[in-house]
Amino acid sequence: MVMSRIRDTIARPFQNLTALEKVVQWLRLGTTLLIISFGLALTVGPLSSPRTLYMSRLDTYSADITTGLFTVLRESMEQSTSTEENNGVGLTTSELYILTAYTESQIKNVPQYITVSLYGRCDSTYTMVEVFDSEGNMHSVKNSTTKSTCSSIGTDYLFDYREVLESLGLDIILDYAYNKIGSQQAESSAYTTYMRSLKHKKANVLHLLYAVISFQVCMLFFMIWYYYIKGRFMNALKERALVHINSLLSLVVFIGGLISSISLAWVNYTIQSRINTELEAFGFSYHLGVTWFALLWCFAGLISVSCLAWSGLEWCISDNGTSYGGGIDDKFLGYQAGVFTDADLDDETSYSQRYPQRQSTSGEAELMRNSDTMATIRKTSDVDLNSENDANTSLDHGNPTANISNGGKHEPFATREEFELQDIRFRSSNDSEESMQRVIKPSSALQF
């Protein structure tokens with residue numbers, strides 16, 4: 001019994017829906033659940049899997065940096081040493097050897113790549129294994145496995161690539177990359193101000209993303225409540241209120257979700273552009289995280305579909321011409337306003353107003369032209385009138401004060417119109433378009 005009630009309660013929001021309403025319901029439910037799932041993957045995922053769900057990655061392979069740094073230093077030294085003494089020949093072999101050894105020593109402890117997440121970064125280095133060559137000599141070779149050191153800062157974390165290079169001991173790269181730009185101190189101050197503003201913007205956008213996910217959870221609750229009561233009450237005020245609340249929330253989620261998604265993408269694209277412009281010559285490369293950004297764009301697409309499924313359908317497509325006030329619809333249960341009136345009003349209304357004439361059909365006209373039909377009608381009316389007079393006489397003997405008036409209801413039909421009016425009065429209610437026996441559907445087809 002208890003399990004049956006639980007099953008009925010769970011299945012209730014999915015009952016009494018048309019085929020189109022079921023499609024809309026599953027579209028709304030599916031997009032809502034996916035938005036919540038993707039939102040949690042975007043925000044909570046980097047805490048548990050920072051190496052997988054990262055926003056960006058800075059490749060710092062030692063071989064690439066060695067080549068890039070060596071090229072930059074060689075060009076710089078050739079320009080500075082290209083004088084009349086060496087006839088512009090450039091560096092000697094010994095100088096090139098010294099320069100190569102110097103660059104290798106500078107990047108000895110640099111990680112192979114750095115992954116940047118929402119809350120921090122991970123420095124990853126390939127592990128080294130000792131192997132023997134064919135002559136029996138032991139060498140250190142990089143293994144395919146990596147060793148990562150992760151740090152979590154918080155929601156206001158932003159990848160400061162200059163600070164990272166300085167912490168890794170790559171001061172030589174900073175000197176050669178930024179000492180040619182006017183005053184180095186002025187450039188550093190402008191860079192610090194710019195990164196501080198980006199950090200503040202990124203923190204605000206992340207908080208907005210949290211709010212969007214929270215609103216989506218509220219939408220899930222209101223949606224279940226709405227389908228739980230849909231079409232089960234004569235007063236649809238609560239039902240329509242829930243629809244408009246969810247439509248408004250979907251619009252807020254759409255605006256906030258797009259702002260947060262575009263802003264996070266813009267911050268990462270900005271940093272990528274600056275790094276590739278300033279450090280690409282030194283062997284650095286900056287890439288965006290494929291998995292995390294795929295989730296981000298799917299999240300943005302789903303909130304757009306959800307907004308169309310709620311706000312679009314309810315405010316742009318649905319037939320909302322029906323009044324959803326506190327009263328019951330005039331046509332509910334087949335009653336039409338002004339057709340059935342009070343007895344007092346009937347007494348004050350003329351006979352022709354209460355029973356308006358209608359055009360007789362060809363069959364009825366032919367029937368009334370038949371003299372036998374009219375004779376039968378008159379005969380029947382006379383019999384009814386005599387029976388009523390006898391009843392009045394009997395009542396007068398039993399109770400002298402009793403006085404029952406026929407009120408003109410059983411008078412003979414003098415004209416064809418009176419016969420037709422009598423026929424109208426005794427017609428079946430099934431002939432009316434507003435019959436009480438028709439099937440009642442409180443919700444219309446275009447109200448989702």
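Placement of Cβ uses the backbone N, Cα and C atoms for every residue, glycine included.
Going by Swiss-Prot topology annotations, Gly68 is found across the membrane from Cys316. Checked against Swiss-Prot, the range among 75-96, 427-448 recorded as region 'Disordered' is 427-448.
For the transmembrane segment (29-49), the residues of the chain that approach it from at least six positions outside its boundaries are 55, 117-119, 152, 206, 209-210, 212-213, 216-217, 219-220, 223, 253, 257, 292, 295-296, 298-299, 302-303, 305-306, 309, judged by C-beta separation under 8 angstroms.
If you look at the topological domain 'Extracellular' (268-287), the same-chain residues 6 or more away from its ends with a CB under 8 A from one of its CBs are 55-61, 64-69, 71-72, 158-159, 161, 173, 176-178, 198. Within the chain carrying the transmembrane segment (247-267), a Cβ under 8 angstroms from the stretch's Cβ atoms is held by residues 35, 55, 158, 198, 201-202, 205-206, 208-209, 211-212, 215-216, 218-219, 222, 293, 296-297, 299-300, 303-304, 306-307, 309-311, 314-315, all 6 or more beyond its ends. If you average pLDDT over the topological domain 'Extracellular' (268-287) in this model, you get 90.
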